[in-house]
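**Q** Not my notes, these are from TrEMBL:
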- 121-150: domain '4Fe-4S ferredoxin-type' (DOMAIN)
- 160-189: domain '4Fe-4S ferredoxin-type' (DOMAIN)
Amino acid sequence: MATTKPITMLVARSRPASTFTASTIRTFTPVAPRATFSTSQFRGATPSGPPPPGFRLPKPVRWDQSKESTMDKAGKYFLMSEMFRGMYVVLEQYFRPPYTIYYPFEKGPISPRFRGEHALRRYPSGEERCIACKLCEAICPAQAITIEAEEREDGSRRTTRYDIDMTKCIYCGFCQESCPVDAIVESPNAEYATETREELLYNKEKLLANGDKWEPELAAAARADAPYR
């Protein structure tokens, strides 16, 4: 048969006052109050230390409705002066020059570094610039570029396939930065929305056609950005 142990009760007893000595009594020294940020007083509003000379916070302006005159209240409730005041602010904009442009009939300036639709450029002789080094394909973070190349009869290397999946492209511009001959570029064209996904799968012929179409703009953008490269 299991035996139960008696429960020991702890009783807190008071210590005689005669046993307290100077070593057992802790002394607390007063601490100087720290400077805190406060805006309730106009004399100081800095995190620490006194405010700079001549510094004053603006006095808050409070609107007391009880101090309105009878004519002001009558005009507000019966003549709807507050509503006409808001309409005046809106109608005032009719006599100011517009802040917007009538897109697409008007277009704003575009930076030379704008990254839009891709294009393959040619030399003035008509020869394509791409040398099939595949640097753009290797550096593309989205793996949107596919290149196949072969050697020509004169020993030069040119692309036989240059595809860009525009649905994968993130328009980072790495392909344009890595190209040693400025062949692959991003044109200033931003209006190439399509109805089907297949139309956004660009091949070499499509890219060369874009380069021929936007060559004046591409050359001007390259000249404008040349001093910064």
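Any Cβ shown, glycine's included, is placed from N, Cα and C.
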**Q** If you average pLDDT over the domain '4Fe-4S ferredoxin-type' (121-150), what do you get?
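**A** Mean pLDDT, the domain '4Fe-4S ferredoxin-type' (121-150): 95.
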**Q** What are the DSSP helix, strand and coil residue counts for the domain '4Fe-4S ferredoxin-type' (121-150)?
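**A** So the domain '4Fe-4S ferredoxin-type' (121-150) is made up of 5 helix, 8 strand, 17 coil.
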**Q** Could you break down the residues of the domain '4Fe-4S ferredoxin-type' (160-189) into DSSP helix, strand and coil, giving a count for each?
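**A** For that range the per-state counts are 5 helix, 9 strand, 16 coil.
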